[in-house]
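Peer 1: Questions regarding the structure given below will be posed in turn.
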Amino acid sequence: MDSMANQIALPLYEKIPRKNTLQRVFDILIFFLLLSLLIYRFLFLKNHGLTWFLAFLCESWFTFTWALVISTKWNPVEYKAHPDRLLQRVPELPSVDMFVTTADPVLEPPLITVNTVLSLLAIDYPAHKLACYVSDDGCSPITYYSLVEASKFAKLWVPFCKKFNIHLRAPFRYFCSNPQTFGGSSSDFQQEWKRMKDEYERLSRKIEDAVQKSVPSDFTGDFAEFSNIERKNHPPIIKVIWENKTSLPDGLPHLIYISREKRPKHPHHYKAGAMNVLARVSGLMTNAPYMLNVDCDMFVNNPKTALHAMCPLLGSKSENKIAFSQFPQVFYDGLKDDPYGNQMVVLFKCMAHGIAGLQGLFYCGTGCFHNRKVIYGLSPDDVDSINEKTANNILSNFGSSKELIKSGANALKGKTDPPLNLSNSIQASYQVSGSGYEYGTGWGTKVGWKYGSTTEDVHTGLMIHKRGWRSAFLSPNPPAFLGCAPSGGPSAATQQKRWATGLLEILFSKSCPIFATLFGELQFRQCLAYLWILMWGLRSIPELCYAALPAYCLITNSHFLPKVQEPTVYVPIAIFIIYNVYTLSEYLRAGQSIRAWWNNQRMSRINTVNAWLFGFLSVILKLLGISETVFEVTQKDQSSDDASDAEAGRFTFNESPIFLPGTTILVVHLTALVVSLLKLQPPARDGHGSGLGEVFCSVYLVLCFWPFLKGLFGKGRHGIPSSTICKSTALALLFVYFCRRVAIG
């Protein structure tokens, strides 16, 4: 009896502070060194020219950015969930609607989506409490066919996983491993394992054959609605692929396919629009109080993920309401040493835990469990006892569907009374997934996922935090979800550009975190954390200027660093050494190699002056009304089996102008080093020309852009296109000409 009472008294989750005294010392030391360099520059501003002033402006920006980093990382915490206590404390777990989004059957192959769906259907959670909705913005009959075939395989796969307590429930990953590793060695298991493997291979062949043919059938029966379909101009298609009519806890969860209506003259708001259609259709069909959303390539890696997520959502105290449980993005089969710097291991190990110690981690767009009431716009003060006026205000944004308003009212009151038969909601679901349904409603502004940015995830999370909600950041072992990172220069750059664009769209909008702090409930330090990420695109301008300074000084025989004989020369040297040793220690503590650290350092330079610069320019053009920003889908690859291949880590290029700034910087610095080496500089004006400092900076930048140097001489996709090289050479010559004119003048 006492042990039962103790179990009830114990919390469902713990928020454990991390010790970080040494990290704080390094952070403050770097900050004071940056400040001392700024003071020195300011005091001697009159004695130097334009280069000194530009360096002062750039270093002011770096100091401000570092202050944001210090604030963000200062109080790291670890969330620890206790799923075992949850099962003892909560006799009936709440329902969860699971959303999977895909947009292009070529860039996001159906077999990837199928594996994600199968892993979701097999999680450790009562099956009658789950429903899986797949949003297909590509309106692909092949995706639908793949899901239909996958549902047949799921009837074998899910019981197999539950019977043998299989931990890895995405078949393509599970069957890559030794059966003894994940299951057992009994003859019964071995027989079942072989049968499952054969069935999965049959499923894979069917899907691959359909992909090769481009059409899965003759467009009759179930596929009739896909005949003569245009991807961006079609009516809504909603199909209940599987319904758990018996409501058995050990059965198979509902599986529903949705392709929302698209018309050329109606904005569809990319992923945010798809998420809002999923919220509305699921509200009509199952109306679960919690919603999980994952990208099509993020499969469930830990079968107890839903139980982990429910601990903070169901165990939060009234003064500390948690709106969503966010899991980190972890990648499988990543290229060795992270050559594209996009696996984000240290970002989630260091920065994310710091943000978790504030108001909570940002919503990352995948691997996140949401409270439906919060997505509908409820504030923490109203969650326990919502009054009729507040409920009516929220429901007035829902649109004209009476069925949706009724389901919304039930959700806000905490009632879940879904229809006995999913097909009963099909007609109403067609209405709310129409392209014109949202006109005159609050969807995308006051209700649901927010519009106006290509990073709808951060935007939506910011608006949730603005209302005073908190979020939980959970990092269970093994990781909850695994996905695939872009594995090529163009796709990695596309992703970075999209992020920089979307984040700046938020910064330059009414949703700016500064306004959220002044007029909302966003905490001040959480505001600083949001500013740190939203200003990624802005960093391109000071970094580009600072990258040009060493080359300018070498060509004009001037200097922007303190001279060797001045004591102040030790300040930039100390900053460089301490910062690099500090960041290297972070990577080593996170289990990364020295090579991975260097790859991330150079990729941060490459991304900033290439992808982030183009993101910045896209937003400027949007603000000037010249063009609109576009959501670009990145290529998904199911497996990086070629990760061991020597070619896999080599940088790839294409004709995109996104590689122009980086190539130009490289050519400029190579030219500057040749000018310095051959003593082709003009005489120094004040007797203090360029020195070792400027040469070192130039060599360092050439090393950072080493993949581009190899690209100058590379062939095929590993070579920079000749058109880009010609344009970069012309820009570099223009820069040299400008430097010469300034020197003569």
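Cβ from N, Cα, C; glycine included.
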Peer 1: May I ask you to indicate which of 343-363, 658-678 is given in TrEMBL as transmembrane segment?
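Peer 2: That would be 658-678, the stretch labelled transmembrane segment in TrEMBL.
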Peer 1: Can you tell me how far the Cα of GLU108 (UDP-alpha-D-glucose binding site) sits from the Cα of ASP457 (active site), in Å?
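Peer 2: Between the Cα atoms of GLU108 (UDP-alpha-D-glucose binding site) and ASP457 (active site), the distance comes to 19 Å.
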Peer 1: Pairs 6 or more apart in sequence, C-beta under 8 angstroms, 3 or more of them: is that satisfied by the transmembrane segment (609-627) and the transmembrane segment (528-549)?
Peer 2: yes
Peer 1: Checking your reading of the structure: which of the recorded positions LYS271, ASP295, ASP457 lie inside a 10 Å Cα sphere centred on ASP137 (UDP-alpha-D-glucose binding site)?
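Peer 2: So the list is LYS271.
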Peer 1: What residues elsewhere in the chain lie close to the transmembrane segment (720-739), defined as a C-beta under 8 angstroms and at least 6 residues from its ends?
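Peer 2: Distant contacts of the transmembrane segment (720-739): 548, 551-552, 555-556, 653-655, 657, 659-660, 663-664, 666-668, 671, 675, 708, 711-712, 714.
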Peer 1: At a Cβ cut-off of 8 Å, and with pairs 6 or more apart in sequence only, do we get at least 3 pairs between the transmembrane segment (569-588) and the transmembrane segment (25-44), yes or no?
Peer 2: yes
Peer 1: Counting only residues 6 or more past its boundaries, what in the same chain has a CB within less than 8 Å of a CB in the transmembrane segment (25-44)?
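Peer 2: For the transmembrane segment (25-44), the sequence-distant neighbours (Cβ-Cβ under 8 Å, at least 6 residues beyond its ends) are 52, 55-56, 59-60, 62-63, 66-67, 69-70, 73-74, 562, 568, 571-572, 574-575, 578-579, 582.
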Peer 1: Sort out the residues at least 6 away from either end of the transmembrane segment (50-70), same chain, that have Cβ-Cβ distances under 8 Å to it, and list them.
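Peer 2: Beyond its ends, the transmembrane segment (50-70) has Cβ neighbours at 27-28, 30-31, 34-35, 37-38, 41-42, 44, 351, 528-529, 531-532, 535, 539, 542-543, 545-546, 549, 552-553, 558-561.
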